[in-house]
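One structure below.
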């Protein structure tokens with residue numbers, strides 16, 4: 001695997017999706033091969049699963065069903081899009097990956113981080129990210145951003161109460177303790193330009209290590 005797999009994680013409203021696109025543009029302008037993608041989604045089958053997962057009408061969805069659907073979408077996305085790009089030497093920037101399942105379903109939904117990790121290890125094998133950038137923001141501020149952004153696509157997770165999003169944040173904090181070697185936290189409460197600068201520093205360090 002000759003590429004660099006970087007995932008962007010964080011609670012709702014952290015701004016990672018916007019920053020990811022800007023990072024892609026900057027790295028591409030520098031002459032690097034970059035592919036941006038997202039989860040759940042990124043390819044046709046996974047996008048169809050995304051519609052089921054995030055549909056606001058699916059309020060009866062069981063937490064285990066939710067976790068399994070995410071893992072299924074992740075597997076297809078990985079083998080169809082992410083892995084081929086890495087094999088071609090691309091920098092892959094992915095908006096959410098395994099850690100979202102661990103924080104949301106494993107911790108916030110109460111399924112257990114280890115249990116959800118087991119499901120996802122079956123789905124992705126040893127294809128863990130090289131680097132994970134965590135966008136740190138107060139959950140309440142993140143939700144305010146969501147509802148202030150009229151153009152943002154609202155989904156079922158946005159309808160969860162603040163308590164759920166606080167648990168998601170706690171879940172990510174637990175993951176940073178478990179995987180300190182790949183997690184890098186940036187302050188998402190800053191201006192977008194400062195967040196972009198901080199993320200670029202993380203990526204530059206990763207590029208130096210692998211000399212891509």
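Keep in mind that glycine also has a Cβ here, set from the backbone N, Cα and C atoms.
According to Swiss-Prot, the protein carries these features:
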BINDING   10, 11, 12, 13, 14, 15, 16, 17  ATP binding site
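Sequence features, as recorded in Swiss-Prot, placed on the structure.
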residue	record	Cβ within 10 Å
10	ATP binding site	27
11	ATP binding site	28
12	ATP binding site	20
13	ATP binding site	24
14	ATP binding site	26
15	ATP binding site	20
16	ATP binding site	26
17	ATP binding site	15
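Take the mean position of the Cβ atoms of 10, 11, 12, 13, 14, 15, 16, 17, the recorded ATP site; other residues of that chain with a Cβ within 8 Å of it are 135, 137, 142, 145, 188.
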